[in-house]
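*Asks:* Handing you a structure now.
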Amino acid sequence: MDVLAEEFGNLTPEQLAAPIPTVEEKWRLLPAFLKVKGLVKQHIDSFNYFINVEIKKIMKANEKVTSDADPMWYLKYLNIYVGLPDVEESFNVTRPVSPHECRLRDMTYSAPITVDIEYTRGSQRIIRNALPIGRMPIMLRSSNCVLTGKTPAEFAKLNECPLDPGGYFIVKGVEKVILIQEQLSKNRIIVEADRKGAVGASVTSSTHEKKSRTNMAVKQGRFYLRHNTLSEDIPIVIIFKAMGVESDQEIVQMIGTEEHVMAAFGPSLEECQKAQIFTQMQALKYIGNKVRRQRMWGGGPKKTKIEEARELLASTILTHVPVKEFNFRAKCIYTAVMVRRVILAQGDNKVDDRDYYGNKRLELAGQLLSLLFEDLFKKFNSEMKKIADQVIPKQRAAQFDVVKHMRQDQITNGMVNAISTGNWSLKRFKMDRQGVTQVLSRLSYISALGMMTRISSQFEKTRKVSGPRSLQPSQWGMLCPSDTPEGEACGLVKNLALMTHITTDMEDGPIVKLASNLGVEDVNLLCGEELSYPNVFLVFLNGNILGVIRDHKKLVNTFRLMRRAGYINEFVSISTNLTDRCVYISSDGGRLCRPYIIVKKQKPAVTNKHMEELAQGYRNFEDFLHESLVEYLDVNEENDCNIALYEHTINKDTTHLEIEPFTLLGVCAGLIPYPHHNQSPRNTYQCAMGKQAMGTIGYNQRNRIDTLMYLLAYPQKPMVKTKTIELIEFEKLPAGQNATVAVMSYSGYDIEDALVLNKASLDRGFGRCLVYKNAKCTLKRYTNQTFDKVMGPMLDAATRKPIWRHEILDADGICSPGEKVENKQVLVNKSMPTVTQIPLEGSNVPQQPQYKDVPITYKGATDSYIEKVMISSNAEDAFLIKMLLRQTRRPEIGDKFSSRHGQKGVCGLIVPQEDMPFCDSGICPDIIMNPHGFPSRMTVGKLIELLAGKAGVLDGRFHYGTAFGGSKVKDVCEDLVRHGYNYLGKDYVTSGITGEPLEAYIYFGPVYYQKLKHMVLDKMHARARGPRAVLTRQPTEGRSRDGGLRLGEMERDCLIGYGASMLLLERLMISSDAFEVDVCGQCGLLGYSGWCHYCKSSCHVSSLRIPYACKLLFQELQSMNIIPRLKLSKYNE
């Protein structure tokens, strides 16, 4: 009851007396949903499905390996399993391994894949169980992971953070995420117009065996089928005849009996007449002549052209429509529907929208890995077949034992390479994708979470097309409208909203049964004419025609009832399309859906009673689904529904109610307080900056050794929270600090969004951060029995103390923790042998191996401290030494800060506290912000955040700034007045310099500020003299190499425009790469040391200064037989 009292404690009597009975607590469905589904659950579900179901299907599809050499020999897979992650300690000794150990030791977190097989050896049949064939990288928190089902205490034992989302892989010690990939949906007819306005239809078919794309094109009013196995387009009527529909009347019946449809199809019939094709055989022969010859490796019996054409029609064109024993009925009707759609679209231009989100499917880690594994498994089997074909004929003495020839590393390396490089190239499917995986960004907790919900669409970033980039209305509630990067990837990289779920594939057997029980007439029993009756609807299941139905409304309503009662899977969707007169049932994976509350008789089905039961733990989210209180809708089904946002907007047509409006936004946008008061681009900027804010990354951050880790010294919870912040537990791992802000102008150092910071706050640790870097080194063994070793420090001859470079080394030659390390000092004094290969026979072998020093040195402008040193070994049995280096940095001028409203600014001035203005309660602001940042940016949310934060501090409680809700400004201001502050949040402020009161009241209060990772120390760069490149003798480039600043083409043009020719000469030659050359005045070629090799004389040689790069160019041109000649003339002639 206390919880309820707190919840209702802040309501006024008027609100309590309001007549509408609202389910106030319905947002509690959210934590229940996230408990079941979670933000990363889609990755994990899909991987679990792959490991437990899909992998067995792949094995079933390729279960037998036979050999042409010996018909008696075979190998058959009986079962396949993926084990638990382990590591091989020594030969054949394995032990379970934790993810953290894999991170530290640079190993892959993977589990063995084992199979049960049955095979023949000689004349006996052998069954072997649990035979390993490779290793599978395991996704963290999946069903095969060590972490699954553990309590927080056990997490701590395993050095894992309980808040870490999981859903990524650890490959060679690096955390890798497989991004969600966005595709056009498979097996669906898409009608579109090309650039010239000609309408065509296309289907991308995909089954386990084949993927292919079939197009329907219109040329001069005639219809053609286009496919890349055919050398030219084939008239559609010939295709129908080849499929066994020989009578023209029947063809017309299938396509449509309406006037305009028959008129449009006429020319195609005439064309077939001209080609003199009437029977199925003639048509097949015609197609057989047009088939592209495929060069097959296997000999195999040659097929006739007619057989080849039949095979092609049955298995390659429209692959996903099944053809049993050459019964082409279903495929005919499918083709007819394609033609019909094109004809109908020509008249009133009803083409499909490629960017409509119901036509999209999202591929998750499980689907991508199953494609990859299938490819590798097929390769593995074909290798075995090759070996069998080679070995069986040879050795008749010994029996051929296939187990000895199984190569385990093939599947392992294939998986590891694909995940670590991100290149998915499968030759079978002509699939070649780059950048499928990315390194999990560990800048902050939010950046890791945001990466798990990211969607990457395979679209060229360089093309400036607005279609795929714009925000589609069909993305409402499924994708976050704010969270997309700026620049070239804008709108192509998207993020999931908070409650989105991505479906996985499910069995469609029960659906087919249910549909036929509800009166769907089977497609094989149709004559075709039914398709054009006005009241007959076609029924599609996952893109295949199931049949037709007369009363489609009854079908749809009964289907939904059955789904709500739990007889069918809750993620199956059914939707009607009135323009095409179709009912679509989908049960395939990769559809986006989200839960809604069902509305019955203008009242939501969920009542306060249900919510109390949920709060007390009697019910979980599943119960809401089974009792038909809540259901999932996908994008297509949302079009049939009428969804109310709030309960007071429910009318008689409403079918569903939104659970909470703020779930429209994703994870990153959910952190913003009052985002509905901000201008839209500001929220987008904050989504990008929230991922760069430093804070905490997990409870195990002190045990990790990452390449680069930024931590805030004193992170704080934000004073103004949102519901999202609580749901994703951001307040346990925050990134930022509550700063007291005065909005006023102070000195001239705060123009252009610069901030003025209080020096005393910095001294007390405001914005102070720790930067951790790592250095690592491996000690290898070499083939000739030599190995790397670590030498002790070198001692000075006179003082017997280590020399300066080795000052921090212990006696074992590795730096000791806690020492301060300066630039160019040695961290590990490693030396490696000069000869690492086995020397050739007969050459004189040096007895004692010679060693050369290859020390690991510290490179960095500022000093660091050694936090810890870890000594271990990696998977290749090499010694592995990792050092963690720490720097503590306080904010300085030029460091970047930002509030949660996309208002970024650099620190412009640090002022001692005695010069800062203060209010009459003696509070000095931490930050002074220029008021000019507000008017043009229109971030009213920031103003409200300051008010709510101030009221919260005075009351000692957190306020909510949730999107489309949150604490009301009126209530917050009344709280301020109650504590004796101004209603408007303004204070009377005294100047710190003159001691007189300022002439205006100052808006003053706490705002949550984030420190971003861009610090001046890492970016500052200048150079006077320094290293030069060897080849061109010009200064190197880049800050890390201490490079110069380039004067480029545009700067050169500018100087030419000013006519400053001597400055040009000085910048481009004298300060860069001036060089003295000798030139022969007679032939114009370069001479060397005063002698022209071409003229064989030194009479005309004179010396000039030209850039070295220019000399290099001349010589490179000469080597290609192009001769540049320098013409010299005396300047006074």
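Note that Cβ sites are derived from N, Cα and C of the backbone, with glycine treated the same way.
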*Asks:* Pick from 168-183, 488-503, 1064-1079, 1080-1095: which stretch is listed in Swiss-Prot under zinc finger?
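*Replies:* When 168-183, 488-503, 1064-1079, 1080-1095 are checked in Swiss-Prot, zinc finger belongs to 1080-1095.
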*Asks:* Quick one: which of LYS186, LYS464, LYS717 does Swiss-Prot put in the RNA site with ARG213, GLN438, GLN692, LYS896, LYS904, LYS1019?
*Replies:* LYS186
*Asks:* Quick check: of the binding-site residues listed here (ARG195, ARG1039, ARG1046), which one has the Cα closest to that of LYS904 (RNA binding site)?
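*Replies:* Closest by Cα distance to LYS904 (RNA binding site) among the binding-site residues ARG195, ARG1039, ARG1046: ARG1039.
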*Asks:* Roughly how many Å lie between the Cα atoms of ARG213 (RNA binding site) and SER1040 (DNA template strand binding site), rounded to a whole value?
*Replies:* 49
*Asks:* If you measure LYS186 (RNA binding site) to ARG1039 (DNA template strand binding site) at Cα, how many Å is it?
*Replies:* 48
*Asks:* I'd like the per-state residue tally for the zinc finger (1080-1095) from DSSP, helix first, then strand, then coil.
*Replies:* 0 helix, 6 strand, 10 coil
*Asks:* Would you kindly give the Cα-Cα distance separating CYS1080 (Zn(2+) binding site) and ASP432 (DNA nontemplate strand binding site), rounded to the nearest Å?
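*Replies:* For ASP432 (DNA nontemplate strand binding site) versus CYS1080 (Zn(2+) binding site), the Cα atoms are 56 Å apart.
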*Asks:* Count, for each of the binding-site residues LYS186, ARG195, ARG1039, the other C-beta atoms lying within 10 angstroms of its own C-beta, and report the residue with the smallest count.
*Replies:* ARG195
*Asks:* If you skip the near sequence neighbours and keep only those at least six away, which residues in the chain come within under 8 angstroms of CYS1083 (Zn(2+) binding site), Cβ to Cβ?
*Replies:* CYS1092, TYR1094, CYS1095, ARG1125
*Asks:* Does GLN438 (RNA binding site) have same-chain partners at least 6 apart in sequence with Cβ under 8 Å from its own Cβ, and which are they?
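*Replies:* Result: LYS176, VAL177, LEU179, GLY422, MET451.
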*Asks:* Across the whole of the zinc finger (1080-1095), what does the mean pLDDT come to? Round it, please.
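*Replies:* Per the prediction, mean pLDDT sits at 87 for the zinc finger (1080-1095).
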*Asks:* Return the member of GLN692, ARG1039, SER1040 nearest to ASP753 (Mg(2+) binding site) in space, with distance defined Cα to Cα and candidates limited to these binding-site residues.
*Replies:* GLN692
